[in-house]
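Here's the structure, in structure tokens; my notes come after.
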């Protein structure tokens, strides 16, 4: 008999989790769902069950999802070539139509169906619904390696959140529904914009003054120079680790997004491994958590 099949052990686990469930009761927890976990059916079911359990425990979960690999697969299938500027994808009019179709029309509904299969009421949304999010054109700059001059990149319809209205999300929370949100939003200029899912999740969490924002990634969290997991960091600690090179590469923008979310009013942001089954529950409902917590 395994630990989880032992009734006494099950009771002990539930008892140990109770104080943490009470801590998050009626609190907003935003979960950014992405990475390889999205492509694994078993991990997808485990994630949906975790989200359902959060709702049943009195938490108000909000899911924001990405879908980069699925977008690229559809662009390839349709014969639409991707153009890059400074290593970043340019989103033209044809591409943004595909992005919206894949994110809001396909992936979003798959996640909704998984959560609903666990007995909860999930509803699929994007930034356009209820004027929840308005975007503005993102401005990116790079240093030209030849001239060492800063160059402004035109990435087309790549945006960033400019305005977030929490009215619809509050209404859904009172209605016992779980919002699942695709990072697509309109601009005041009438165009549709594709927004980085991490940035979008941070803006949603900030508008809600969420207790936690969880980033499900393909790594355990922030690692020290000995490649050991750092359990907790202040914003100042995180900035120091970026300066000394401990935090490097693709982890830098992830941590900077965490810092930005905290400045927007989020109480704590966690980077954790979405490939670990039930990592959301391990983070919220156990003593030691499951990733790196960044706090003010």
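The backbone N, Cα and C atoms fix where each Cβ goes, glycine too.
Copied from Swiss-Prot, the annotated features are:
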{"type": "SITE", "residues": "32", "note": "site 'Transition state stabilizer'"}
{"type": "BINDING", "residues": "67, 68, 89, 194", "note": "substrate binding site"}
{"type": "SITE", "residues": "254", "note": "site 'Transition state stabilizer'"}
Checklist line | Secondary structure of residue 254 (site 'Transition state stabilizer') (DSSP, helix/strand/coil) | finding: helix
Next item on the list: According to DSSP, folded down to helix, strand and coil, what is residue 67 (substrate binding site)?
Entry: coil
Notebook entry, point to check: Out of 32, 254, which has the highest number of nearby Cβ atoms, where nearby means within 10 Å of its Cβ, if these are the recorded sites?
Noted result: 32
Item checked: Sorted by sequence, non-67, 68, 89, 194 residues with Cβ within 8 Å of centre, substrate -> 66, 71, 72, 91, 99, 103
Check: Counting other Cβ atoms within 10 Å of each Cβ, which of the binding-site residues 67, 68 scores lowest?
Finding: 68
Next item on the list: Round to a whole number and give the Cα-to-Cα distance in Å for the pair residue 89 (substrate binding site) and residue 32 (site 'Transition state stabilizer').
Entry: 21
Item checked: Diameter of the substrate binding set by C-alpha atoms, the set being 67, 68, 89, 194, in angstrom -> 14
Checklist line | Separation of alpha carbons, residue 32 (site 'Transition state stabilizer') and residue 67 (substrate binding site) (Å) | finding: 11
Margin query: I'm trying to understand the geometry here, so how far is the Cα atom of residue 194 (substrate binding site) from the Cα atom of residue 254 (site 'Transition state stabilizer'), in Å to the nearest whole number?
Written below: 18
Notebook entry, point to check: How many Å lie between the Cα of residue 68 (substrate binding site) and the Cα of residue 32 (site 'Transition state stabilizer')?
Noted result: 13
Next item on the list: Sort residue 89 (substrate binding site) into helix, strand or coil using the DSSP assignment.
Entry: strand
